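Working notes, beginning with the structure itself.
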Amino acid sequence: MKRRLVLENGAVFEGEAFGSLEHNMGEVVFNTGMTGYQEILSDPSYCGQIVTLTYPLIGNYGINRDDFESITPFVKGLIIKELCELPSNWRSAYTLDEYLKMKNIPGLQGIDTRKLTRMIRTAGALKGTFASSDEDIEAVLKRLNETELPRNQVSQVSAKTAYPSPGRGKRIVLVDFGMKHGILRELNKRKCDVIVVPYNITAEEVLQLKPDGIMLSNGPGDPKDVPEAIEMIKGVLGKVPLFGICLGHQLFALACGANTEKMKFGHRGSNHPVKELATGKVALTSQNHGYTVSSISKTELEVTHIAINDDTIEGLKHKTLPAFTVQYHPEASPGPEDANHLFDRFIEMIETTEKEGEAVCQNA
């Protein structure tokens with residue numbers, strides 16, 4: 001069955017439908033990763049977006065029961081060059097087409113994904129919608145341009161209530177702005193006693209949990225749409241060691257007086273080089289964000305990492321308080337694990353802060 005992708009600039013791409021028959025609407029973005037489509041589809045940071053995968057053949061290893069980054073996918077659609085209908089992998093439980101049908105996600109294959117990606121790189125991320133091949137294009141465009149995409153997607157993807165993931169180590173409050181399970185897995189590997197909490201928790205409620213450390217997760221959308229989280233971070237900063245990832249990094253920056261802005265087409269892929277300024281070392285990182293920290297002037301923040309490709313800010317630390325954040329994903333899922341050590345650095349920061357606190361008490 002034929003299906004079209006119609007973009008707000010009037011461009012039309014026609015190909016073959018797979019997945020569900022829904023005609024979803026969303027922001028059309030692209031991801032340059034060669035593998036990891038299962039993790040991409042289940043990453044809550046893609047909430048409200050139609051994802052184009054630039055690698056030409058997708059679905060080769062099917063969908064397994066282990067590699068999901070969330071229980072419910074929030075992506076609005078998938079666009080690929082060619083669908084593999086006969087996957088080959090011992091863990092495969094479903095084909096990609098079967099999974100999309102189960103989760104009611106529309107797919108489009110057989111279009112020029114290179115052309116679409118170049119268009120997004122030139123024009124920036126575009127609003128788009130799926131449509132049947134016999135629909136009037138002008139009517140589809142009118143509907144597309146009259147529809148405003150939802151904001152504050154964090155409220156859609158965050159946990160509704162707090163829940164524990166017990167361990168014998170440091171107690172970590174993990175604020176869920178659209179958390180990937182990979183972050184929780186990394187904390188569990190380090191035997192942390194984790195409490196996952198909703199995005200709209202207050203500073204007072206966080207501190208009542210008596211955490212050794214606070215982690216700010218990834219998530220979708222504009223960080224300025226989550227003012228309650230910014231206020232919460234202001235309330236806990238300096239009282240408990242803090243580590244933020246992706247959206248958590250942006251929210252931390254805003255709480256410290258920095259600014260953020262929307263990028264032209266964002267960073268989405270598992271091959272983005274990032275340079276650590278203190279050492280000069282370069283790591284390949286997994287990234288998925290459409291906003292960036294644009295200015296830290298007149299703040300107590302210091303840039304620790306930058307993107308090699310465009311010099312955007314990829315890491316921050318507070319000059320005097322135990323807090324640091326990164327824009328990329330050290331948990332990968334999917335992607336390289338070059339930055340996995342940052343979870344260990346977080347635990348070390350907690351231990352150092354505890355020792356300094358004990359020393360202060362002994363000297364008092």
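Numbering starts at 1 and runs along the chain as it is shown here.
Placed from the backbone N, Cα and C atoms, the Cβ positions cover glycine too.
The annotation region 'CPSase' is assigned in Swiss-Prot to 1-171.
Within its own chain, Leu247 (L-glutamine binding site) has Ser45, Val154, Phe177, Gly178, Leu216, Ser217, Asn218, Gly219, Pro220, Gly221, Pro223, His289 as residues 6 or more apart in sequence whose C-beta sits under 8 angstroms from its own. Feature annotation from Swiss-Prot assigns L-glutamine binding site to Ser45, Gly219, Gly221, Leu247, Gln250, Asn288, Gly290, Tyr291; the stated evidence is sequence analysis.
For 171-356, the entry in Swiss-Prot reads domain 'Glutamine amidotransferase type-1', with the evidence type sequence analysis.
When secondary structure is read from DSSP and collapsed to three states, Cys246 (active site, nucleophile) falls in the coil class. Cβ neighbour count for Cys246 (active site, nucleophile): 29 (other Cβ atoms within 10 Å of its Cβ, all protein chains included). Per Swiss-Prot, active site, nucleophile is recorded for Cys246.
Annotation comment: Swiss-Prot describes His329 (among others) as active site. In sequence order, Lys180, Gly182, Asn218, Ile245, Cys246, Thr285, Ser286, Gln287, Asn288, Gly335, Ala339 are the residues near His329 (active site), counting only same-chain partners six or more apart with C-beta under 8 A.
Note on Glu331 (active site): other Cβ atoms within 10 Å of its Cβ, all shown chains, come to 24. The active site annotation in Swiss-Prot covers Glu331 (among others).
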Assuming the binding residues for L-glutamine are exactly those in the record, Ser45, Gly219, Gly221, Leu247, Gln250, Asn288, Gly290, Tyr291, what is the maximum CA-CA distance in angstrom, rounded?
13
If you take the centroid of the Cβ atoms of Ser45, Gly219, Gly221, Leu247, Gln250, Asn288, Gly290, Tyr291, the listed L-glutamine site, which other residues of that chain have their Cβ within 8 Å of it?
Gly178, Asn218, Pro220, Asp222, Pro223, Cys246, His289
Candidate with sparsest Cβ neighbourhood (10 Å radius) among Gly219, Gly221, Gly290, the listed binding-site residues:
Gly290
Could you tell me the mean pLDDT over the region 'CPSase' (1-171), as a whole number?
97
CB within-chain contacts under 8 A for Gln250 (L-glutamine binding site), separation at least 6:
Pro223, Thr260, His289, Tyr291, Thr292, Val293, Gln327
Take the Cβ of Tyr291 (L-glutamine binding site) and count every other Cβ within 10 Å, whichever protein chain it belongs to.
19
